[in-house]
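Participant: Per Swiss-Prot, domain 'RNase III' is recorded for 9-141. The Mg(2+) binding site annotation in Swiss-Prot covers 54, 127, 130 and rests on sequence analysis. Marked as active site by Swiss-Prot on the basis of sequence analysis: 58, 130. Sequence annotations record features per position, and here Swiss-Prot assigns domain 'DRBM' to 168-237.
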């Protein structure tokens, strides 16, 4: 880590209260592949992306969620538990948890990802949270993950088991728009972009032909969901 990177790592720990014995693990968890690629091309060999940590974190998350489900819902059918596990470990939930941590603020992103709104993209936030879980697991063990996140995930899982999750931004936006404008929102693919070799879809959500928000994603569906989320939050803010 260089000095500017170390400051961000230290600020993350200060703001979240999640302290690391090995700060290099935290730094790696916060490094998106776009940033690692840029730094590697610039000659730095000490910067590794969070992809391997994400791989481990996916397994840690699955165990963590399954343990909560197994202990709290002993009478539930296996099929219901499996569906709840998928929902609790979904991109949407992980992105919500990441936003509560303000994780996006501390991510190291390449210039392209920064420019295209990667800091608030669900997929990047969800992947980074999985990487963070792995870093915590390696640094302090499984018990620390339970200490930090068990209560929060129990609340999400309770909502899921009651059928209250997941929050569907497209449906929520449609309800608001149709109640006020009597027409559904329209999703329009406006362009595709290249970012570190990846194809990024850019979708605009329109009401009565007027653009109200734009979203980006690795698939058209992901971009539509992101556009719906931004539009929904914007309309709620305007109402308040």
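Each Cβ is built from the backbone N, Cα and C atoms, and glycine gets one as well.
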Participant: At a 10 A cut-off on CB-CB distances, which of the recorded positions 58, 130 has the highest count?
Facilitator: 130
Participant: Would you count the other C-beta atoms found within 10 angstroms of the C-beta of residue 127 (Mg(2+) binding site) for me?
Facilitator: 25
Participant: By DSSP, how many residues in the domain 'RNase III' (9-141) are helix, how many strand, and how many coil?
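Facilitator: Counting residues by DSSP class gives 99 helix, 2 strand, 32 coil.
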Participant: Taking the domain 'DRBM' (168-237) alone, what is its mean pLDDT?
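Facilitator: Taking every residue in the domain 'DRBM' (168-237) and averaging pLDDT yields 87.
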Participant: Starting from the Cβ centroid of 54, 127, 130, the recorded Mg(2+) site, name every other residue in that chain with its Cβ within 8 Å, sequence order please.
Facilitator: 50, 51, 53, 55, 57, 58, 126, 128, 129, 131, 134
Participant: In sequence order, what residues of the same chain, 6+ apart, have a Cβ less than 8 Å from the Cβ of residue 54 (Mg(2+) binding site)?
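Facilitator: Set apart from residue 54 (Mg(2+) binding site) by at least 6 residues yet with Cβ under 8 Å, we have 127, 128, 130, 131, 134.
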Participant: Determine how many residues of the domain 'DRBM' (168-237) DSSP places in helix, in strand and in coil.
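Facilitator: The domain 'DRBM' (168-237) comes out at 31 helix, 28 strand, 11 coil.
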